[in-house]
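Structure first, then comments.
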Amino acid sequence: MGDAELAVFGSAAPYLRKTEKERLEDQTRPFDLKKDVFVPDDKEEFVKAKIISREGGKITAETEHGKTVTVKEDQVLQQNPPKFDKIEDMAMLTFLHEPAVLYNLKDRYAAWMIYTYSGLFCVTINPYKWLPVYTAEVVAAYRGKKRSEAPPHIFSISDNAYQYMLTDRENQSILITGESGAGKTVNTKRVIQYFAVIAAIGDRSKKDQTSGKGTLEDQIIEANPALEAFGNAKTVRNDNSSRFGKFIRIHFGATGKLASADIETYLLEKSRVIFQLKAERDYHIFYQILSNKKPELLDMLLITNNPYDYAFISQGETTVASIDDAEELMATDNAFDVLGFTSEEKNSMYKLTGAIMHFGNMKFKQKQREEQAEPDGTEEADKSAYLMGLNSADLLKGLCHPRVKVGNEYVTKGQNVQQVAYAKGALAKAVYERMFNWMVARINATLETKQPRQYFIGVLDIAGFEIFDFNSFEQLCINFTNEKLQQFFNHHMFVLEQEEYKKEGIEWEFIDFGMDLQACIDLIEKPMGIMSILEEECMFPKATDMTFKAKLFDNHLGKSSNFQKPRNIKGKPEAHFSLIHYAGTVDYNILGWLQKNKDPLNETVVDLYKKSSLKMLSNLFANYLGADAPIEKGKGKAKKGSSFQTVSALHRENLNKLMTNLRSTHPHFVRCIIPNETKSPGVIDNPLVMHQLRCNGVLEGIRICRKGFPNRILYGDFRQRYRILNPAAIPEGQFIDSRKGAEKLLSSLDIDHNQYRFGHTKVFFKAGLLGLLEEMRDERLSRIITRIQAQSRGVLARMEFKKLLERRDSLLIIQWNIRAFMGVKNWPWMKLYFKIKPLLKSAETEKEMATMKEEFARLKEALEKSEARRKELEEKMVSLLQEKNDLQLQVQAEQDNLADAEERCDQLIKNKIQLEAKVKEMTERLEDEEEMNAELTAKKRKLEDECSELKRDIDDLELTLAKVEKEKHATENKVKNLTEEMAGLDEIIAKLTKEKKALQEAHQQALDDLQAEEDKVNTLTKAKVKLEQHVDDLEGSLEQEKKVRMDLERAKRKLEGDLKLTQESIMDLENDKQQLDERLKKKDFELNALNARIEDEQALGSQLQKKLKELQARIEELEEELEAERTARAKVEKLRSDLSRELEEISERLEEAGGATSVQIEMNKKREAEFQKMKRDLEEATLQHEATAAALRKKHADSVAELGEQIDNLQRVKQKLEKEKSEFKLELDDVTSNMEQIIKAKANLEKMCRTLEDQMNEHRSKAEETQRSVNDLTSQRAKLQTENGELSRQLDEKEALISQLTRGKLTYTQQLEDLKRQLEEEVKAKNALAHALQSARHDCDLLREQYEEETEAKAELQRVLSKANSEVAQWRTKYETDAIQRTEELEEAKKKLAQRLQDAEEAVEAVNAKCSSLEKTKHRLQNEIEDLMVDVERSNAAAAALDKKQRNFDKILAEWKQKYEESQSELESSQKEARSLSTELFKLKNAYEESLEHLETFKRENKNLQEEISDLTEQLGSSGKTIHELEKVRKQLEAEKLELQSALEEAEASLEHEEGKILRAQLEFNQIKAEIERKLAEKDEEMEQAKRNHLRVVDSLQTSLDAETRSRNEALRVKKKMEGDLNEMEIQLSHANRMAAEAQKQVKSLQSLLKDTQIQLDDAVRANDDLKENIAIVERRNNLLQAELEELRAVVEQTERSRKLAEQELIETSERVQLLHSQNTSLINQKKKMDADLSQLQTEVEEAVQECRDAEEKAKKAITDAAMMAEELKKEQDTSAHLERMKKNMEQTIKDLQHRLDEAEQIALKGGKKQLQKLEARVRELENELEVEQKRNAESIKGMRKSERRIKELTYQTEEDRKNLLRLQDLVDKLQLKVKAYKRQAEEAEEQANTNLSKFRKVQHELDEAEERADIAESQVNKLRAKSRDIGTKGLNEE
């Protein structure tokens, strides 16, 4: 974000982010990564220092304060590079440690940037002064910004939470923690302010209508003053410290609108009510009341305005400088009003507050000679009792003589003064705490609105970790809370980190850091933990703090690593045990913990409170039950537990609720830091800040970050910044992907490659590696800058020296001129010249003055004329301006209409998006319902099984009961045991009843959820969870019943006692059995109903899916219509922009009209007419746009109606479900039917198994057929091998091949199957690609035709526009003469233009008709393509036969190749000397390297060719690829059969001639054969057989080897000759080059012939296709023209009035026809010229090829010439296609002209018939030319076929040329080495000669310059001498 983007933050910008200048200054400061470090310091924790020396594991460094220190090397931590100074996210620091974090916060705080990110944290430091960063301008700037798009701020955290809530549909929470005074409360208020502002935007109208109660936003904001008044107080660190924790939930609707809010509070500091330290004070409300701002309060509460009159609130300070208690009282009272408190409620709260103050003033004294207390005055007690609505005497009696319960009786107990004082304080604290809780509940009731709410954002404001010298029970609760929150953060943080790694594809082993704190948490909250032991001790009356300590040590000391025995230090409070928290070790003092945990009250006084006449007080204590409260029968257990709930248990319960809330939300973390204890702005106390960083988990988060990869950079940014480290890794000229570039760059650097990972979009670094890269980058930059500086200094010095030389030369010239002037200034003629010169100028001046006067008169006259002209123009300009204003008004109206249309279009788009969202949501719901249905079906089956088991259990139970009837004798104790067991059964039955009700509620809930479709997904998920829980409970109950049955069986053996008692128990058991039966039946009914419901929901789901498909189809239609609407709108927008541009141009021209001429006025009028035309076009486009929008609206209304119908259907389905519910309850036979269905399904499965077996047998038969086909292929392969053996005349080797193939049969069978499968896949892919290619070509042709038609329509419209312009010009001339006549003509022209626009629309409709006909043609062509595919399959069947023919053809070609090779060898022998003497080093070097590669390739090809079996399989695999080529060859072979027969006859003659040579080569081959066999012996027997099958190839190799031997001998001879005379070699080289160039002409001529024939072939094919298309287009256009002609004849009468105008147009049309005719002829000439240029280019290409001197490079080019020719052919085809398109355009133009002529014929009636006949004759001529062209194309097709055959021959010849040229590479092998050496020597000598020559030339040049200067100087001297002599003689003569 640059400085310009920061401007949106206004005055807050400097407090949020550094400016660009500051960032540059920080980055350019001096820095040394190896020396700049942090060292530990006793006072400052860490200080910056520079390393001086290293020695023996220790480092000596100088701190920034100038102090020299020596520390261990492992204590030194590196500083971060300047790039990271004041970084906004500390997780991005490359060196992530404590001092780096501390100093980053310190530097940002010094710049007043108080917010900083630390990974997931936002750390904020209290500035202790007001900063302008919370204004409305800042709120608006942060709204909708992502975290990365704006500087750190609490508003950014808030907005991200709000946006996540809306987008992710998930509840959010913001956790704000920190010590007192760190700014938690302020930040909480800012968060609430932000939500109230952004969520209430757009709802302002309600604010104006609300009464004094205030809007919801106001109430949420005003809740803070009320809470602060009763819950905040001044502390040592903070003047407005919150003494309670709070969790504020702000609820929002589905659209993000504020719905409601509620507040939960934690750990209110009750002790502050009665006790404060010296520097602190009580809660604000006490001092606000005493401020006397509302005197009526003082009277009502019976108090003064002096705080020191009241003991409870005057123990510390009573005033705070930064707080105005009077104003705060008014704010509190106003908050109560806004929150809707009644006057009675406000007064009751004030009364209780005043009563507490009076409570503290009540005094008691000890009775004489007794230990009992008595009141010391009753005045304060009377006031307190009055305010509380109590009796004063009863209050005092209850305090001094409380009644306690002893046994079943109440007795009065005496209290001493200390006990009374404690009871008094406890009662005051209880009253205040309950009043505070009531106020919070009352605020929640106000904020609870009836508006629908979907999500909430929770704001947690709670105290941070506390480690004091004296830590008590309150600190344990706070620290336990923070331990849980830190565990929550750790788990959440690393889960997100892991998700980032997973998303980026980083391999990572999960580490659950949340478990790090589990040991400490378990120690506190688990059974037998600290809290549990504390609560246990509170239950024992004789327990003390010391017994509590003893239990702690017995259970945990030595057993838990987190529990330790403290070390007591003198001067510090005593500690009883220590806990190791994540923030550090805390020593706790347990004194008073039991009392604090029980928090007892004087129950006598509490009973008085319950009976108070003050309604609020009685309500506060109405639900209080003391420890001795009566226990009601049957419910005593619950009552007792609730009454004796300890503080620790209540805190744990609230904490668990809080953690549950937080786990269900997406959390955001804010950590508040207090910078110093003195509240000084801008001062950082390092130890204090470090302590808080440890306590609030920032450093813990850093520890987690260091385990992973904390630094990450996008690939593009990394490449851009660090490419300088190794530019060679990422070359500048070529494109390399950013990720690949980063990988190459990092792999090329000398760094640990385990320190980074590559993700999908980023590169991840371990901590410290990025700093190392920065250091390397700085070093690299310093070297580069040093080099640049040196070069720059050199350039500057040379420039300065050049200036000095130029200055010297200038001085010399000036000196020479001055000397010359001094020599001639006294010369008499010169003096005369000085006198006459001014006179000459004065005469010239007079002449100039005369001419200027004449010019002035003439200009004055012209000025008067121009002035008159200007006035005339001004008058005209006024009228034009008026017209322009009218036009602007019209344009504005059109723009308004367009804006309305755009708004409607936007609305349609929004509706479409909403529909898409609904469709998506419904799809998701359907998927969830299907999943639920599947799960419920499975559960249903499971429950059915369980029901059957239960039935069996019941049967067993009946048998057991029958046996029990016979068992009589048992003791009464056994009967009692049985009774207890039956009571357990009662409980089980009660549980089952509850579960049944829960199931019914879940069922009803599911039905309700069906009504509300928006909540269906969530409610179904909840119902699923509930059902799973119920199923688990049922399983548990079944297990219990099984246990009961076992117990009963055991009891059966024992129950042989009393028959009467057992009979009674039997009766009870029978009743229980009946009840269980009834419940099980009901359970069955319910399960059946659920199953029916599931089936209905499945049916409903299928219906919804159908509806969804219909909606999707409708949405697609809407999208297509919207796309059309967008295109129309784009056209209108373009037209509007053109109009605006034209309007601006007219305005500019009108402004410059003062100097305009009549031509400019005409232009303005012309533009005006164009505006009229465009305005009418815009109006028509707008009407069309509105019609389209109306259609879209109609379709949208239809879709909405359909959705409504769907909702109605759903309602009907719901009613149907409710009706069928009762019917399905009676269907008990479903289980049996299900069994029958299962049996049927089993039978079906057996049938399916049989069918599968049949299919398997069919597949086996197919496999056998495949095996037979493989065997056939194997036999064919053997046959081919036999043929090869016969051709090579080696029968013995053939027999070995057959035996070898027999052994490899099994292996090749599998290979053939694989290859056959690959062949089928490739054939399918090829067919699909061919089909797609044809379709694409056809579509392309259609699109091209449509484009051409649109272009023609556009040209037609342009012609109409130009015609309209000419008509406007005529009307304008008429308007100047006669305004009335001009008006009529304009009206007629308007009608004419309207008619023409209508014609254009009809033309568009005709184009649409063409499109439909093209679509039909497309379908027809697709059918043809399918037929062609059938033909292709047939051709595949003939592939085997063609393969055999191809091999025979290959034999013939091989013989011709052999003949060509022999002729080529003869040619080579004549060129040996030329090639051996070739010394063109650079070309030979490249060609030699390439030739080596080709040689290796050739050898590999020989080896591959020798593998005959693999060749055969490869041919099978590649046959699919060459199907089309084989088809062409098949056609060519039939045509070339006769030619080949004649060629065979010639070949036989040549073969006889070559047999002798073959025999000689055979002898030499036998010698080399042994060596080849030795090389091939390592291969398989397959290689041996293949070698024999290719003897002819080996023969050719033998000839090449022979040539190589001869060339080697020749090379030795040439070597000696070259050593003798290098100059003679160069002469021979040039001669050899010429010979080589001539030798290559034959190859090039063949290539040129191939090129020409290929071009002709492709041109003919393309021309044929184009002609076919043209014929179809012409036919369709003729039909359209005939239809249009009939329509035009109907409007003859309407066009009669424009006959004169039509005559003029006819003349213009005839001229255009002539012009187009001339253009057509010129295009034909141009085509011929281009053909000539093409042939010339071909000849130039041939000449360029002939200039190639290197034989090897020529061979390479011979191989690649085919591709080059194909490219050139493509270019020429494009040119031809372009010419054909031009031709079609001309034909279309002719058709258009014919159409125009028909039009003109109807307009002109008789006058235009002759012209029409001429045009028709011209059209017929063009048609004749078209026929001639078609005949030519037919002839070219015939020539094309001949050329194809010739191309094939040339292709084979070219391939042989390539192979021969490759063989030649070995011939120059050793020669090149010598040539290189000689060439190198020659180059060195030449280089030395060039050097000497350049030196000589330089000296020669300097000598010539010196001679020239000497000559010039000498000539000057001679001239001067001559002049001096002349002057001397003249002086003598004068004397």
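Keep in mind that glycine also has a Cβ here, set from the backbone N, Cα and C atoms.
As given in Swiss-Prot:
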DOMAIN    32-81  domain 'Myosin N-terminal SH3-like'
DOMAIN    85-778  domain 'Myosin motor'
MOD_RES   K129  N6,N6,N6-trimethyllysine
BINDING   G178, E179, S180, G181, A182, G183, K184, T185  ATP binding site
MOD_RES   T378  phosphothreonine
REGION    655-677  region 'Actin-binding'
REGION    757-771  region 'Actin-binding'
DOMAIN    781-810  domain 'IQ'
COILED    839-1935  coiled coil
MOD_RES   S1137  phosphoserine
MOD_RES   S1269  phosphoserine
MOD_RES   T1282  phosphothreonine
MOD_RES   T1309  phosphothreonine
MOD_RES   S1510  phosphoserine
MOD_RES   T1513  phosphothreonine
REGION    1907-1935  region 'Disordered'
Length of the line joining the Cα atoms of G181 (ATP binding site) and the residue listed as 'N6,N6,N6-trimethyllysine', in Å: 13
Integer mean pLDDT for the domain 'IQ' (781-810): 93
Non-local residues, at least 6 beyond the ends, that sit with Cβ under 8 Å of the domain 'IQ' (781-810): 724
Lowest local Cβ density (other Cβ within 10 Å) among recorded positions: K129, K184: K129
Packing count at A182 (ATP binding site) (other Cβ atoms within 10 Å of its Cβ): 26
Residue counts (helix, strand, coil, in that order) that DSSP gives for the region 'Actin-binding' (757-771): 3 helix, 6 strand, 6 coil
Candidate modified residues K129, T378, S1137, pick with smallest Cα gap to G183 (ATP binding site): K129
A182 (ATP binding site) - helix vs strand vs coil (DSSP): coil
Close in space, distant in sequence - G178 (ATP binding site), Cβ under 8 Å, 6 or more apart: K184, A463, G464, R671, C672, I673, I674, Q692, N696
Whole-number Å value for how far S1137 (phosphoserine) lies from K129 (N6,N6,N6-trimethyllysine) (Cα to Cα): 54
Environment of G178, E179, S180, G181, A182, G183, K184, T185, the listed ATP site - residues of the same chain whose CB lies within 8 A of the CB centroid: N126, R237, N238, S241, S242, G464, C672, I674
Fewest other C-beta atoms within 10 angstroms, as judged across S180, T185, T378, S1137, which are the recorded positions: S1137
Residues in the region 'Actin-binding' (655-677) grouped by DSSP into helix, strand and remaining coil: 9 helix, 8 strand, 6 coil
Surrounding CB atoms that lie within 10 Å of the CB of G181 (ATP binding site), all protein chains: 22
T185 (ATP binding site) to S1137 (phosphoserine) - Cα separation in whole Å: 55
Collapsed DSSP category at S1137 (phosphoserine): helix
Rounded Cα-Cα span from T378 (phosphothreonine) to S180 (ATP binding site), Å: 40
CB contacts for E179 (ATP binding site) [other CB atoms within 10 A, all chains]: 23
Cα separation, T378 (phosphothreonine) to A182 (ATP binding site) (Å, whole number): 44
Within the domain 'Myosin N-terminal SH3-like' (32-81), residues counted as helix, strand or coil by DSSP: 3 helix, 30 strand, 17 coil
Secondary structure composition of the domain 'IQ' (781-810) [DSSP: H/G/I, E/B, coil]: 30 helix, 0 strand, 0 coil
Cα separation, T378 (phosphothreonine) to E179 (ATP binding site) (Å, whole number): 43
For T378 (phosphothreonine): DSSP state (helix, strand, coil): coil
Alpha-carbon spacing, T378 (phosphothreonine) to S1137 (phosphoserine), which is rounded to whole Å: 92
